[in-house]
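Per TrEMBL, these features apply:
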ACT_SITE  331  active site, proton acceptor
BINDING   101, 206, 241, 331, 334  glyoxylate binding site
BINDING   154-156, 183, 204, 232, 307, 329, 362-366, 385-386  FMN binding site
DOMAIN    75-436  domain 'FMN hydroxy acid dehydrogenase'
REGION    1-21  region 'Disordered'
REGION    39-65  region 'Disordered'
């Protein structure tokens, strides 16, 4: 256990324990072996300094925006006006290995940039003189009513960002009335996430070589009240993530992949390259094929969403093999570089689906305008990943809540300014794409 150096203010420890905004000792107090400006914020009675991952932050500039306990000051938190501002703050706070793991993409990271830039090339065709005094953003996903078409994507190892990790994210999603998808590689188990209270939750699944492990995971997710399986199909091998190789990424020693803890698969060995890549090579089944989608249907009654579809051909196969929905995803640009942005693939998938199953989008969403564009191109909803991780790192559950609220507010405003009072009124006619401009130039 860390020990106190002698200091003048003996009351600080009790304040740190009881305040949700307190995370590190003031300058005149020190903890043995701990950077006092970056220790994790205790919440809900958790003991201070319980998350050692926050002992080696990546500071890239002045700390003037941080309070005396190492977190963004209240004034700065109040002035956050859009989702992307959380990333800069998270970069200042997180250890380099963790920030790079969350933020980076594969190889040249062309697709990582394109996931964002492709949205900027889609323009609006707003309608005017429409009564927009009431905007309804509610929708139904796989039979479940949610408050808006903005959901949380599966993101691994969230306790690297914040001591409460996936538990904080689950509470924020439930508070916003939307869906959270829990990663197989979460640092909180399906049972722990279920314990935070009611909420609509999906479970993301990687198929392991040992199919008994898959059966156990799916059964546990069912028993914990999860409502669907999001089957990731784009990861027979892990993409080449050069930041992770340089950092020799591995799961910090105080954390485990909780869903695998009792199976002796909850930790990663440190290697000379990426510990996660080695873990995937050793555990994830490279033989995964469409027949396994059928196999999954024999072991669960939960609907199966196929996550990682970007072409019409695979859309046809997803329908043929009984998928309940498709998530157009390139894994956050972390697998194969130089694939198109997901928003650029969306319409191809939607056209092939022909309304036979819902199509969702994952990747690059940072604005309510992005959500509107995806809906106009046929998506039934979107999933967000990195904005959740960065806001979680900066402000825990409150940060995730704020991200969801900002995106909701922006979507509502975009709908009003486009003349749409409900989601069903958002149509293809409300946007102009690169393809539209090329088509018109040929006329």
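Backbone N, Cα and C define each Cβ position, glycine as well.
All TrEMBL annotations are machine predictions without curation.
Since we're looking at a predicted model, the values are computed, not measured.
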Response to the item:
Among the recorded positions listed as 206, 241, 331, 334, the Cα nearest the Cα of residue 362 (FMN binding site) belongs to 331
Worksheet item: When you measure from the Cβ of residue 101 (glyoxylate binding site), which residues in the chain that are at least 6 apart have a Cβ under 8 Å away?
Response: 157, 160, 241, 243, 244, 247, 249
Discussion item. Test of understanding: give the count of other CB atoms lying within 10 angstroms of the CB of residue 362 (FMN binding site).
Written reply: 27
Discussion item. Long-range neighbours only, meaning 6 or more apart in sequence with Cβ under 8 Å: which ones does residue 206 (glyoxylate binding site) have?
Written reply: 184, 185, 232, 235, 284
Practice prompt. Please work out the number of neighbouring Cβ atoms within 10 Å of the Cβ of residue 364 (FMN binding site), leaving out its own Cβ.
Written response: 28
Response to the item:
Cβ atoms other than its own within 10 Å of the Cβ of residue 334 (glyoxylate binding site), all chains, total 23
Worksheet item: How many whole Å apart are the CA atoms of residue 386 (FMN binding site) and residue 331 (active site, proton acceptor)?
Response: 11
Item to complete: Measuring CB to CB from residue 307 (FMN binding site), give everything in the same chain under 8 Å that is also at least six residues away in sequence.
Response: 204, 230, 231, 232, 233, 234, 327, 329, 362
Fill in: Local Cβ density at residue 366 (FMN binding site) - other Cβ atoms counted within 10 Å
20
Worksheet item: Roughly how wide, in whole Å, is the group 101, 206, 241, 331, 334 that binds glyoxylate, by largest Cα to Cα distance?
Response: 19
Worksheet entry | Whole-number Å value for how far residue 364 (FMN binding site) lies from residue 334 (glyoxylate binding site) (Cα to Cα) | 12
